[in-house]
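Asker: Have a look at this one before I ask anything.
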């Protein structure tokens, strides 16, 4: 099975810790970086031109540049627009989900009930990426991103 | 530069108004408020005819006419009464001119008002004396009263003289008075003797035969009085003649001719058609005139036609001027206010035409009057309904804005409940689950950390709920309008955060030019307190300093809370008031992100504005204003 390079953006340190455990246990992802908000993400991308991640997983509510900002930053930059951004958050409100998708998020996955057990979440994330063929959509993703903006 | 111009306009000693296309005041300067007695706020959005000299509902018709003339001719200047707020009047010169933006796009009108009451008073007194005298002499019908110069040549002529002797003014002025004497009397030099007697004894009196223009004789009583000036020099004679003979025949002839004329004109009822003599006195009257103006013929004949004019037109000499124009150009035409017998006004279209006899001598004027009020009323009703819909649509727009802002807030609230409040619960549950797992495995080492973290999350949860309640509470209650002492306000706020001020060793200075403000004490204390807390929180300075300044600006109170803290990035300036928004900082600062949202809400509820000015690393100043009179910007003064 193909392994995806992923960046996780999440401000809560405990959450980050358990996320990493979950991702490591499932073994389908390489965590390229764990960052605490959109500002750090931009900084990281600037400093690490290659290899870029296959996918970015971002929390929504963070001090500084939040999840909405992350979507806009990535989709608004031609160099990064092809990278799928998947938002994750405690909220399952439809208007929040719709807003993320409208801004250009590839998907929205509600966080697990507690952060203690992350494996099912990670498996679901992998399925979503596979099913939507998000990482292979590279060739035309720039065009789609433009269209969706 | 714009603000300078604005200030110049504002301080100009002339009263300046700016009107929109429909004549509604969109701006007025300080002199305008002084002159009219209204505040600038009261004047705002009022039609300018608010200042017109009565409450007549059709003032808008006059205004509409004036605007249209200004538009056509580029300027409209008029003199007239205007009314202050306290119902007193002042005499003004009004200049109205259209304002264009770019080439052809009319955006409204400028209007300048000058109070010339004093100047007018002086003119009026003079005019009144003269007018009274003239009316007295000229109005007399039973006597021919006229003046001769020292040689006996006629220099003035009145109504009575015209009636008795048959000459019109134009015919007789400059002729020698001996023209009225019989051939025998002239032969015997009776006219010369009469003047000599008058000079010697002051007065000459007699009864005798005189000759009319048509050659007929009539029996008169005559008094000639010598007139002297203050240097006792003879300047002429007054001659008073009374017709004592029977004149029924002449009257009959006159009546017959009038009858024919009247029959013709009387058919017309839509138009007031009547004749004026060359002085402007009414000599005929038709049915239309009676219908429009309300006078019967017997009431009005012999009166000056100025009776139909509003007082201010009479004072400014308008009736006489209209006759002058008719005399010079043949015709005078206009639209304007006229008075009915009952004193009410109507909007009239009038045409005055000079009328000449066969010899080319001016014998008077015809005047045709049409009442346009009905037509104008319809137009006005249309305009009013348009106005009403405009107001309604404005109101709807406002309601729409309010609704969508309420909607936004509701949406925010949902997202807050679903997200921000769920987060700490999830954290607590996570740690409790961990604790459970550890316990069931007999592991006890990390438990106290997990418990501490759970407690922290619970504390944060409580803080969020409290803040959220406080925030939503602001929406519910209409803020009070108490008079609050500014010093007390700041002191109350400082008292509430005393502990953290002392702990952070922050130096706080307060300057205020303002003694008291109006508002809700509890909310305003919260506002100041939140700004101070915010300023103290976001600092890395060795000696944190906060300066609170309160000043008066453009008639409202403006606060400034300045710090020497870390500042705000330009891109973030707009986001600071979003609820639960915590902006990026290098260090992690505590807080729920609701403090400034509360500040914004309090200021909104007090009809003010709040905004930060800041440079990263160089401190921040939060400004806020309270009770701003109007949110609208003045024309030509885009907010920077």
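For all residues, glycine too, the Cβ spot is worked out from N, Cα and C.
Please treat TrEMBL annotations as automatic predictions, because they have not gone through curation.
What TrEMBL lists as domain 'PAS' is B:1-74, B:129-202, B:257-312. The domain 'PAC' annotation in TrEMBL covers B:76-128, B:204-256, B:332-384. The coiled coil feature in TrEMBL is assigned to B:240-267. Annotated domain 'Histidine kinase' per TrEMBL: B:416-630, in sequence order.
Set these features in their place in the structure for me.
Answerer: Under DSSP, residues within the domain 'PAC' (B:76-128) fall into helix, strand and coil as 12 helix, 32 strand, 9 coil.
The residues of the domain 'PAC' (B:204-256), classed with DSSP into helix (H, G, I), strand (E, B) and coil, number 9 helix, 30 strand, 14 coil.
Model confidence over the coiled coil (B:240-267) is summarised by a mean pLDDT of 70.
Note on the domain 'PAC' (B:332-384): DSSP counts are 12 helix, 30 strand, 11 coil.
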Asker: What are the helix, strand and coil residue counts for the domain 'PAS' (B:1-74) according to DSSP?
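Answerer: Residue counts for the domain 'PAS' (B:1-74) by secondary structure: 40 helix, 11 strand, 23 coil.
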Asker: Any contact between the domain 'PAS' (B:257-312) and the domain 'PAC' (B:76-128), i.e. 3 or more CB pairs below 8 Å with pairs at least 6 residues apart?
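Answerer: In contact, yes.
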